[in-house]
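These came from TrEMBL, pasted as-is:
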{"type": "DOMAIN", "residues": "B:20-439", "note": "domain 'DUF112'"}
{"type": "TRANSMEM", "residues": "B:110-132", "note": "transmembrane segment"}
{"type": "TRANSMEM", "residues": "B:138-158", "note": "transmembrane segment"}
{"type": "TRANSMEM", "residues": "B:204-224", "note": "transmembrane segment"}
{"type": "TRANSMEM", "residues": "B:259-282", "note": "transmembrane segment"}
{"type": "TRANSMEM", "residues": "B:322-343", "note": "transmembrane segment"}
{"type": "TRANSMEM", "residues": "B:355-378", "note": "transmembrane segment"}
{"type": "TRANSMEM", "residues": "B:390-407", "note": "transmembrane segment"}
{"type": "TRANSMEM", "residues": "B:414-442", "note": "transmembrane segment"}
{"type": "TRANSMEM", "residues": "B:462-488", "note": "transmembrane segment"}
């Protein structure tokens with residue numbers, strides 16, 4: 001039944017629209033307004049529901065170019081996932097450890113991971129970039145970035 | 001001739017040594033801050049306010065105005081080079097600017113942006129000078145019903161913002177609209193789809209969506225293509241020089257969109273972001289080769305760039321002549337005026353002509369400075385692209401994260417940036433266009449609010465949209481722009497079928 | 001190889017995290033000990049507190065807003081006058097109408113180095129169910145300034161004073177639309193409701209629309225709406241230009257100043273009600289007495305200084321100094337009144 005990519009996405013969007021609609025119908029009502037807060041969301045929810053049907057039953061066949069676009073080798077998916085993992089760790093410790101250290105670590109490791117071999121340049125950039133950015137933001141512009149464990 | 005004398009006194013202020021100095025400082029600082037991740041004109045002005053304490057109001061305000069349009073001017077750099085818009089007004093510039101840079105024409109793209117910005121800025125200052133007093137009535141003529149019609153008009157353009165499947169474009173738009181419904185509803189105070197999470201009460205900042213869908217999603221594509229040598233084209237700066245043909249191609253969009261941008265800038269609430277999108281769509285509809293848009297079209301870059309700068313000057317109309325701040329940025333600008341003991345408003349032109357006209361006159365000079373300063377910088381800026389790809393990827397990610405963090409100082413928003421990055425990437429690989437999503441996000445929220453304001457005012461009567469000329473006209477334009485291309489298509493198809 | 005890199009990266013950060021956590025733990029223990037021992041010493045010689053670190057002042061909104069301006073001006077004047085020598089920095093924590101900043105400060109527990117600026121939304125937001133913390137969860141230190149609401153109509157309007165307006169609203173509530181910049185149940189709405197109720201209007205029927213994109217004044221000028229509920233300062237220039245009329249303000253008595261003194265109060269029109277848009281400073285929930293006294297004294301000194309008087313004049317703020325005790329009492333009374341009002345409109349939670 002679920003053969004084409006469009007059908008799969010259609011199904012996901014259908015579920016999304018359904019959840020959104022359920023939530024819309026649970027919005028509390030407010031008595032003193034002509035058009036309440038739930039009207040537009042309900043409309044949007046139903047619209048997406050209809051669109052998901054359209055997509056599901058659409059006869060459009062994926063072009064080769066489109067197929068090629070989403071054909072990503074397994075190994076590359078893993079690489080992407082790792083990059084996202086690194087960003088996640090970066091955000092996780094962003095305030096705790098501080099902008100400068102985390103950014104330096106992040107730039108160094110993610111550049112290296114993605115295949116940047118010149119480790120000396122890498123090291124220099126990953127230290128200088130956050131330090132300079134930090135100085136500009138904090139000292140020149142008065143915008144506080146998390147200092148974390150560093151004294152300044 | 002009062003205004004003429006006023007203008008003369010304005011030029012006296014702007015052309016004095018002090019005036020020129022402060023315009024220069026203003027535009028330099030503005031451009032630099034505008035190039036910083038996430039820092040747009042709002043932060044630039046807020047940052048500079050404390051520096052004006054104790055200064056004479058005229059040069060101080062001339063400087064602050066310089067900071068404002070300088071920041072808009074500088075904002076396009078990261079959009080074009082990295083697909084990472086630093087401010088919301090330059091998202092549309094990335095649609096064609098980034099593809100151009102990828103094709104190895106980074107230098108040219110930046111030059112086109114700078115020149116379009118310059119012309120947009122200058123034309124609109126001219127309009128500001130000639131029409132500011134007269135236009136103040138236009139600025140207040142838009143009530144909620146007219147805004148609703150205007151936003152609807154913008155939304156009908158969604159189909160033209162994308163190619164390929166209309167269903168997919170509509171799905172993108174509807175989801176974008178859904179995202180903007182998250183948060184506290186202004187009309188009722190009801191929390192919508194917040195799941196009791198404090199971080200969602202205000203909804204999502206525009207930049208989180210823009211940086212997620214554009215910058216982070218693009219980073220994913222860069223990661224996938226990091227070994228692809230054929231892409232090293234983009235590492236070439238390309239020639240800075242624009243050919244005669246290039247100029248010819250720019251001239252149409254720039255001259256039209258400077259006006260469009262200015263008018264939209266005059267309307268409170270519309271601003272540079274909406275102006276840049278509408279100009280982009282406008283040019284695409286006019287173009288004989290709309291299929292070039294989105295692939296590095298000169299017109300597609302020149303239109304939003306001239307428009308967003310024109311809108312910036314346009315925003316000074318309600319501010320200077322009415323004292324009405326039409327946007328968050330002009331509200332902070334109003335604060336800067338107040339700090340200096342100047343109250344912008346209907347009486348400013350009569351009470352303090354040297355300030356009113358001084359700001360306007362200084363904008364001519366400021367725009368010239370911006371062009372002269374930015375053109376020689378382009379080769380250096382474009383060098384960013386010759387950074388080895390793995391390093392560039394890491395820097396863009398950092399850049400986007402810092403940008404989002406400096407808006408709200410909230411780590412939750414960083415996670416959301418990641419989430420929208422993943423959504424943007426999935427949209428990319430499954431061929432769902434991102435521009436309709438972002439357009440619906442910008443226009444949808446305002447459309448819903450103005451619709452419901454109108455309905456409350458009219459006690460639930462739909463007549464309010466058709467019984468006054470302005471909303472009615474806009475609705476008719478919206479209807480035509482939606483239906484005419486469809487009908488034309490249908491007729492063309494029928495003809496083809498007959499043949 | 002590359003996967004190894006990621007692993008290394010994660011291990012490394014995890015290591016740092018653990019290391020710093022233990023550091024932090026030691027630090028906070030130490031500082032806790034220090035402050036305890038200091039307290040002990042201090043209480044012997046009269047409980048004096050002197051800041052030894054830099055003081056962080058949170059503005060719960062974005063750059064350029066009211067909270068941000070107040071915080072920055074106060075911090076700057078503290079530094080310039082030397083009333084507080086320690087380094088002070090303003091931090092913006094925007095979001096949730098303040099809720100995000102309040103949640104952040106609440107975690108600071110008894111820190112004497114984390115202050116924040118606040119105003120009536122710290123009552124409206126929790127009462128509307130949008131924040132778990134209200135003013136009673138923090139330590140009010142000192143109120144600094146006051147602002148008042150103004151209700152304006154178009155210059156062509158048929159209404160010339162509040163009583164005419166309210167009479168029309170009593171007769172046909174549907175004929176009058178009020179606009180403000182905040183959502184229903186928040187400041188611009190409630191300040192109007194409060195006065196309207198005192199005048200005997202059925203507050204449930206007040207038609208209120210909110211415009212948060214800066215179009216409220218525009219809508220008044222082009223006649224889309226009838227009444228604009230806002231702050232006094234926002235109206236002055238338009239009144240001078242003859243575009244709008246101010247029907248009434250919510251201060252106790254007339255304000256001083258050029259145009260300001262022409263604005264009639266609600267009270268002088270026979271409506272016995274006021275509304276103050278106060279602005280002051282708070283500390284974390286369990287700030288100790290010595291620190292409270294320190295800040296009370298410093299804020300009073302600032303409020304009395306010539307430099308701060310200049311700043312008040314610059315922004316058109318009114319002086320309203322309240323110390324810790326007065327402030328706490330004032331806030332409790334205000335909150336009760338607002339709660340009653342919200343319940344009556346049917347917005348209470």
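Including glycine, each Cβ sits where the backbone N, Cα and C put it.
All annotation found in TrEMBL is predicted automatically rather than curated by experts.
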Should the transmembrane segment (B:414-442) and the transmembrane segment (B:138-158) be scored as in contact, given a threshold of at least 3 Cβ pairs under 8 Å and pairs 6 or more apart?
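With 3 or more qualifying Cβ pairs, these stretches touch.
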Of the listed stretches (B:138-158, B:322-343, B:390-407), which one yields the highest count of Cβ-Cβ distances below 8 Å with the transmembrane segment (B:259-282)?
B:138-158
Looking only at residues six or more beyond either end of the transmembrane segment (B:462-488), which have a C-beta under 8 A from one in the stretch?
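Here the qualifying positions are 141-142, 145-146, 148-150, 152-153, 156-157, 159-160, 285, 454-455.
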Which residues of the chain, 6 or more past the ends of the transmembrane segment (B:204-224), have a CB below 8 A from one of its CBs?
38, 82-85, 87-88, 91, 94, 98, 176, 179-180, 182-183, 273, 389, 392-393, 396-397, 399-400, 403-404, 407-408, 413, 416-425, 427-428, 434, 437-438, 441-442
Over the span of the domain 'DUF112' (B:20-439), how high is the average pLDDT in this prediction?
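Reported value for the domain 'DUF112' (B:20-439) is a mean pLDDT of 86.
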